[in-house]
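In Swiss-Prot this protein carries:
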type     : residues                            : note
ACT_SITE : Asp136                              : active site
BINDING  : Leu83, Cys84, His85, Met121, Glu122 : substrate binding site
Amino acid sequence: MTRDFSKFEQNLTHLDSEGAVKMVDVSTKVQTIRQAEAAGQVRMLPETFEAIQRGNSPKGDVLGTAKLAGIMAAKQTAQLIPLCHPLPLQKIDIELIPDPHLPGYQIRAMVKTKAETGVEMEALTAVSVAALTLYDMAKALEKSISIELIRLLSKSGGKSGDYMVK
């Protein structure tokens, strides 16, 4: 039985009329300023949080390393996610915000480009890898660290318009 995917083509842009995956052709799109912000959190025991805050981790600079990893990951998104376009990124900002109420860290990433397609995946990848790196750097202190609530907060630019989480 052959399935007709043509009616889905407009909504499912990464599928062709036969249902096979494809990379979207953005060659006719106009370059515009695109920006996306993503967030996540890393929860840990109070003792682990305090050790990181004091700089007492056996692996060294936990927060600095996680920040650099997030920046590097945003730049490598097209290598990690098969149908993402490689983009020239003009700005990547990563914040690891101490949150004693979790306890742990809120992670935020903002990515900006002037391109034909958006940077949502780059922002989400930056947060994800920063969180994974924080875990890796702190796992000698605690194995039960939890990575939570990775999500897109906002995006601007492009034909689909702006988005902001409610």
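Backbone N, Cα and C atoms are what each Cβ position is placed from, and that goes for glycine too.
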Which whole-number value in Å describes the distance between the Cα atoms of Met121 (substrate binding site) and the residue listed as 'active site'? 22
Leu83 (substrate binding site), number of other Cβ atoms within 10 Å: 12
Where does Cys84 (substrate binding site) sit in DSSP terms: helix, strand, or coil? coil
Within 10 Å of each Cβ, count the other Cβ atoms and name the one among the binding-site residues Cys84, Met121 with the highest count. Met121
Would you list, in sequence order, the residues of this chain other than Leu83, Cys84, His85, Met121, Glu122 that have their CB within 8 A of the centroid of the site's CB atoms, where the site is the one recorded for substrate? Thr77, Ala78, Ile81, Pro86, Leu87, Thr117
How far apart, in Å, are the two Cα atoms that lie farthest from each other among Leu83, Cys84, His85, Met121, Glu122, the residues recorded as binding substrate? 12
Tell me the Cβ neighbour count for His85 (substrate binding site), meaning other Cβ atoms within 10 Å of its Cβ, over all protein chains shown. 15
Glu122 (substrate binding site) and Asp136 (active site), compared by Cα position, are separated in whole Å by 21
Once DSSP output is merged into helix, strand and coil, Glu122 (substrate binding site) belongs to helix
Counting other Cβ atoms within 10 Å of each Cβ, which of the recorded positions Glu122, Asp136 scores lowest? Asp136
Rounded Cα distance, in Å, between His85 (substrate binding site) and the residue listed as 'active site' is 28
